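Have a look at the structure below before the remarks.
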């Protein structure tokens, strides 16, 4: 059991604390209860109060005797669990009686919520459709649907006093219908009303929760974390409450005895006054929330979480404990605030990879390992023994860590020296000295305190990132530094002057003794002349340095000697002088007319007139050295073949006998 307090309201968590594994034997459980005080004082209010998987909806029957939890949503048609309707995520609607499953049907579109209208025995289903489907349980058939103006509907509710049906749409509106006439009687634009001066909204608010209370009150929760309280006689909300998390509101409930509204998103449950909007108390569970339920006429709160285990909380100021656990009222008077105990303290959870590192994979399936989720539970004593055998120096490392922690604790008790950051050390030292002077000054009560840059997180990166290092050699710094130093000196001088006035008790005098106003004005004018002269001096120095740099650069350029560069010629190519490339470059820079004249002069181009009056241009392509060599080789080869060729004219064929062949 864990106890927390906010605004002097104590809240007892009955689902936290040390629990025992189910696979422990009775003998082991009795032994743990004898030696462990936490186990002996443990309160198991509801045994096995968890789901095989994550549940999204939790409710209590009207008679307060049964707690039900499902994946999508459900509704109890009777006071107990004898008549229940379940809405599944596959469009099926199941009806269960006390004996079990009774009937199953299907709706046309995927459903998200539904409500039961007791006077007409109609079930109203809303979901991924603009229509609201009506299923009459007396006739056993679907009736004509209600056609809304929305693309989809998320939630719905029916007022138990006058039967008004309301549905929340994805466009951020709430449409109200009269089941008797099947007509729409009003529309509330909650998306527009949820935008206030203090709220930050990045998307269109949709309706995620809806709840009636009495005949005229309705609470609406949006997907951007706002809760709006309406009086049905007005289209303006009475109150707008922001959760400040930007998460969809999961559930909204009313607590009439204290005039409270309970609203919950996935991180926090807030209870606030419905008249003033003041926070009464809040609760942050250890797991993300899916749904919240108030136990009828009591101070018990039930939660469905993003975990198999469900939550039970007891707030005595909201009401008494339920009748079946009335002993809680006596126990809460004796309980003190204790830290939450770790589950399974006597056992170590290990994964399969941990077993491989320890060399214990052969124990899988044995009584030494108990399978649980994605790993195993093993006795903590066995784990320590095996780890010591695998890593014999583990104790030495543990001992060194403990010694190091003790040394750090003793160092913290000593006088702390000034530790300068790695970046902008001079600036940090200056700020530290100024802060110390302010603290030592007796005039600090009359000087307005300003935030320190060193302790401000907004300027933290300036003393960590080297990119923000102040360059004292830059022109801007050297020109600005005389002014900054003068201002700092004037500030210190003024501070010392004020201290002297405080010591001599002359605060009411307009001028200090021995220094008239004209002397002070002359002194300020002298200070201005001094820093102006310093700025001019720095500017002259900068100009001289720039001139020296240019002269040195010019001298280096003149002294630079071009070193010879060597190039390797590819095989089969001949070296040609660099004049060819220079000539070619010059030729490319000339105009087309000049290039044509040069080609005609060299004989590679000829221009002639034709008979029809046009121009005819003939040119000879230049051949590369390789092509020339190939042509020379072919020509030489033909000459050699021609020299060795013999004539065949001396060969005569003999005449043949017989008829010639045609």
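All residue numbers here begin at 1 and follow the chain in the order shown.
Glycine too: its Cβ is placed from the backbone N, Cα and C atoms.
Positions annotated as compositional bias 'Basic and acidic residues' by TrEMBL: 501-518 (among others).
Per TrEMBL, the feature compositional bias 'Acidic residues' maps to 520-529.
Feature annotation from TrEMBL assigns compositional bias 'Basic and acidic residues' to 544-558 (among others).
For 622-637 (among others), the entry in TrEMBL reads compositional bias 'Basic and acidic residues'.
According to TrEMBL, the compositional bias 'Basic residues' annotation covers 638-662.
Marked as domain 'Nucleolar protein 10-like N-terminal' by TrEMBL: 1-67 (among others).
Among the features that TrEMBL reports, domain 'Nucleolar protein 10-like N-terminal' is placed at 76-338 (among others).
Counting residues of the domain 'Nucleolar protein 10-like second' (343-391) by DSSP class, helix then strand then coil, yields 21 helix, 13 strand, 15 coil. Taken from TrEMBL, the feature domain 'Nucleolar protein 10-like second' covers 343-391.
For 456-482, the entry in TrEMBL reads domain 'NUC153'.
The region 'Disordered' annotation in TrEMBL covers 501-535 (among others).
Marked as region 'Disordered' by TrEMBL: 544-563 (among others).
Annotation comment: TrEMBL describes 621-662 (among others) as region 'Disordered'.
Mean per-residue pLDDT, taken over the domain 'NUC153' (456-482), amounts to 77. Taking Cβ pairs closer than 8 Å, the compositional bias 'Basic and acidic residues' (544-558) reaches no residue in its own chain that is 6 or more past its ends.
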